[in-house]
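One structure below.
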Amino acid sequence: MEMTQSSNHIVVIKLGGSVLDSKDTSLKDIATLKQLGLKPVLIHGGASTVSAWSAKLGLETRLVNGERVTDDATLDVVAAILAGLVNKEIVAALLDMGIKAAGISGVDSATITGQIRATETGYLGDVVQVNTELITALLDANITPVISPVSFHQTNRPSGSRRLLNINGDPVAGEIASALQAERLVFLTDVPAVKGKNGEALGEISADHAAELLASGTASGGMIPKLRSCLKATLAGSSACIIDGRKPHMLIRELTEGNCGTTVTGQHLRRS
């Protein structure tokens with residue numbers, strides 16, 4: 001993998017919801033990255049598991065612009081599933097492969113501090129600040145951090161409000177990559193690549209081009225927070241990519257060979 005000037009070997013990886021599938025190879029790839037001397041930092045979501053447990057508990061799932069409206073009861077489920085079940089399943093899988101890993105949430109050591117986005121979406125929040133102290137301590141101890149995006153509700157918290165927030169894992173990944181000045185930010189998702197205005201798959205794009213895709217509305221749905229996070233990371237000197245995590249060993253292929261999905265660089269590329 002080609003390193004940037006800082007060469008700190010940190011790779012921030014946003015894991016898609018398929019990582020617990022027995023056929024998924026992402027966690028095996030992470031073991032290989034460790035052997036190559038890289039320092040993976042994992043951020044995960046788990047929306048489908050949250051929705052499944054919400055249904056079991058008789059709670060309605062409501063979405064606004066693709067993000068979960070998080071009322072008081074839903075926040076309980078989000079915290080229990082993301083910071084608990086999903087996080088520990090990933091940690092256990094890594095431990096089973098011989099990788100030292102520790103599961104944390106954004107609440108631990110105030111790693112991710114946030115604020116409520118809007119009253120109508122409840123405890124759905126946005127990142128205000130990232131504290132890298134705990135993440136760095138784990139990396140220094142050769143322990144792979146596995147981070148749930150459940151975060152600390154501190155900024156502008158109304159009196160009587162809860163101290164937890166549900167924050168989308170995509171922007172959390174971008175903010176953490178930026179704060180760590182990571183070498184790479186990688187999104188493992190369920191599409192082959194970012195698409196251009198004519199539906200064509202885009203291989204390498206500049207930060208400016210990514211911004212144009214967002215401004216024009218060409219990027220839509222779940223691709224919006226991913227591209228925004230890629231832009232955040234490139235401003236800190238990282239390169240970022242979005243690849244299809246459904247294909248075997250795409251993570252290791254991207255980080256050793258490249259050109260597996262869409263790479264966003266901070267450079268200004270000449271485009272036709």
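Note that Cβ sites are derived from N, Cα and C of the backbone, with glycine treated the same way.
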Binding-site annotation, Swiss-Prot, substrate: partner of Gly46, Ala47, Asn166 in Arg62, Arg68, Arg117, Arg184
Arg68
Whole-number Å distance separating the Cα atoms of Lys226 (site 'Transition state stabilizer') and Gly46 (substrate binding site) is 16
Rounding to whole Å, the Cα atoms of Gly46 (substrate binding site) and Lys14 (site 'Transition state stabilizer') are apart by 11
Let me make sure I understand the structure: which of the recorded positions listed (Lys14, Arg68, Lys226) has the fewest other Cβ atoms within 10 A of its Cβ?
Arg68
